[in-house]
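As given in Swiss-Prot:
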{"type": "BINDING", "residues": "S9, K41, L73, K87", "note": "substrate binding site"}
{"type": "BINDING", "residues": "S9, F10, H17, G88, L89, R90, E98, Y122, S123, F124, V125, S126, S127, S128", "note": "ATP binding site"}
{"type": "SITE", "residues": "H17", "note": "site 'Transition state stabilizer'"}
Amino acid sequence: MTGAVCPGSFDPVTLGHLDVFERAAAQFDEVIVAVLINPNKAGMFTVDERIEMIRESTADLPNLRVESGQGLLVDFVRERGLNAIVKGLRTGTDFEYELQMAQMNKHIAGVDTFFVATAPAYSFVSSSLAKEVATYGGDVSALLPASVHQRLLGKLRGQAQ
């Protein structure tokens, strides 16, 4: 059995992320989306909210599950008996950073990283950009799953009060 991890903060999950998850699920027997906890970053959504949004958005992928994790990604991968990391790439800048991480993960743990070129429709999409545009009243409904978009709007309304 082959298995892979799709790591990230997913604050919130975007359609670009879902594209990568679906493509990974088509290539691997088991895929775990790892919602990584960074104690130095305060997210808009809690880790539990992010996990719930991803689960709702990936319910049609039976070989995919969602977990949280912290610490070294390769430890997360090894503890679950998996053998690969899948990362989406939007730009050459993404590649430069992710290649260094992939080489380090291979060096310290022998874990391979597979890069998936983001679909052109999502090449500009990021969680940060979606949040920023939505904060100023811009329409980001085409960038997020519908339920995630509604949650984002709810968070922003709550902050305005």
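Cβ coordinates come from backbone N, Cα and C, glycine included.
On the structure: features taken from Swiss-Prot.
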residue	record	DSSP (3 states)
S9	substrate binding site	coil
H17	ATP binding site	helix
K41	substrate binding site	coil
L73	substrate binding site	helix
K87	substrate binding site	strand
E98	ATP binding site	helix
S123	ATP binding site	coil
> Which ones in the same chain are close to S127 (ATP binding site), with CB under 8 Å and 6+ residues apart in sequence?
Replying inline: S9, F10, D11, P12, V13, T14, H17
> So of S9, S123, which of the binding-site residues has the fewest other Cβ atoms within 10 Å around its own Cβ?
Replying inline: S123
> If you count the other Cβ atoms within 10 Å of each Cβ, which of the binding-site residues H17, K41, K87 comes out on top?
Replying inline: H17
>> Need one number for the ATP-binding residues S9, F10, H17, G88, L89, R90, E98, Y122, S123, F124, V125, S126, S127, S128: the maximum pairwise CA distance in Å, whole number please.
In response: 18
